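Listed in Swiss-Prot:
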type	residues	note
BINDING	Arg7, Thr8, Asp9, Tyr10, Lys65, Tyr122, Arg126, Ser130, Arg189, Leu190, His191	substrate binding site
BINDING	Arg60, Ile61, Leu62, Leu63, Ile64, Lys65, Phe75, Thr76, Arg81, Lys82, Gln139, Ser140, Trp183, Arg193	FMN binding site
Amino acid sequence: MSIADIRTDYTQAKLSELDTDPDPVAQFAKWFGEALRAEVPEPNAMSVSTVAANGRPSSRILLIKDFDQRGFTWFTNYESRKGQELAQNPHAALLFHWIPLEREVRIEGRVERVSSAESEQYFQSRPVKSRLSALASSQSHPVADRTALEAQYAKVEAQYGEHPPRPEHWGGYRLKPDYIEFWQGRASRLHDRIVYSLDKEGKWQRHRLQP
């Protein structure tokens, strides 16, 4: 079988305007809850896409840690490639892909750092070894080899033990959405796409897109 012959026909569900909540965050909460109940592997995993000042895009998988009316929140190293790109261009796109449910959610908007207090609270809730890794790794920067990386970790572990502090370059981002699209796979590639976009008055407008 060639790659071109690999395909799946989606038949599980449908999505109409009447099925969706007027509030896209509430609609996301509904779908996220259904992904949890369906035991979708890592339902909180999302692709985060950023764009550098020269227009070159990059994407990576991260885990969302919170969402509410303020936006969608995750935590990372501010000195990483994504952190540097967000400093240059504070807009990003998120993508959740729940394969067992044949669903996707696309979210676009402006990104801001969360408060130091919020970053600190989440950092202290992480497992100790994850906190040590945040100190040991200069994310997205070159390292000689795995041995050198593990040596950096061992040094940090010896220094801080069970109480590693949050580095200043580590914290949270929150994306304030202005565009959210809910995609439900359908048969014959005639998929359902319901989009919410903010109008000039800051109100959500809902409409359907052709697949």
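If you go along the chain as it appears here, the first residue is 1 and each next one adds 1.
Cβ atoms are placed via backbone N, Cα and C, with glycine included.
Shown here: features listed in Swiss-Prot, placed on the structure.
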residue	record	Cβ neighbours (10 Å)
Arg60	FMN binding site	14
Leu62	FMN binding site	17
Ile64	FMN binding site	19
Lys65	substrate binding site	14
Phe75	FMN binding site	22
Arg81	FMN binding site	15
Arg126	substrate binding site	15
Gln139	FMN binding site	16
Trp183	FMN binding site	21
His191	substrate binding site	18
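Comparing Cα positions, Arg7 (substrate binding site) lies closest to Trp183 out of the binding-site residues Leu62, Arg81, Trp183. Among the binding-site residues Asp9, Arg126, Arg189, His191, not one has a Cα within 10 Å of the Cα of Phe75 (FMN binding site). If you take the CA of His191 (substrate binding site) and look 10 A around it, the binding-site residues you hit from Arg60, Leu62, Ile64, Gln139, Trp183 are Trp183. Taking every protein chain shown into account, Arg7, Arg189 are the binding-site residues, and of these the Cβ with the most other Cβ atoms within 10 Å belongs to Arg189. There are 10 other CB atoms within 10 A of the CB of Asp9 (substrate binding site), with all protein chains counted. When the Cα atoms are compared, Lys65 (substrate binding site) and Gln139 (FMN binding site) turn out to be 19 Å apart. Closest to Trp183 (FMN binding site) in space, going by CA atoms and restricting to the binding-site residues Asp9, Arg126, Arg189, is Arg189.
For Arg60 (FMN binding site), the nearest neighbour among the binding-site residues Asp9, Arg126, Arg189, judged by Cα separation, is Arg126.
If you take the Cα of Ile64 (FMN binding site) and the Cα of Arg126 (substrate binding site), they are about 14 angstrom apart, rounded to a whole number. Across the structure, Asp9 (substrate binding site) and Arg81 (FMN binding site) are spaced 37 Å apart at their Cα atoms.
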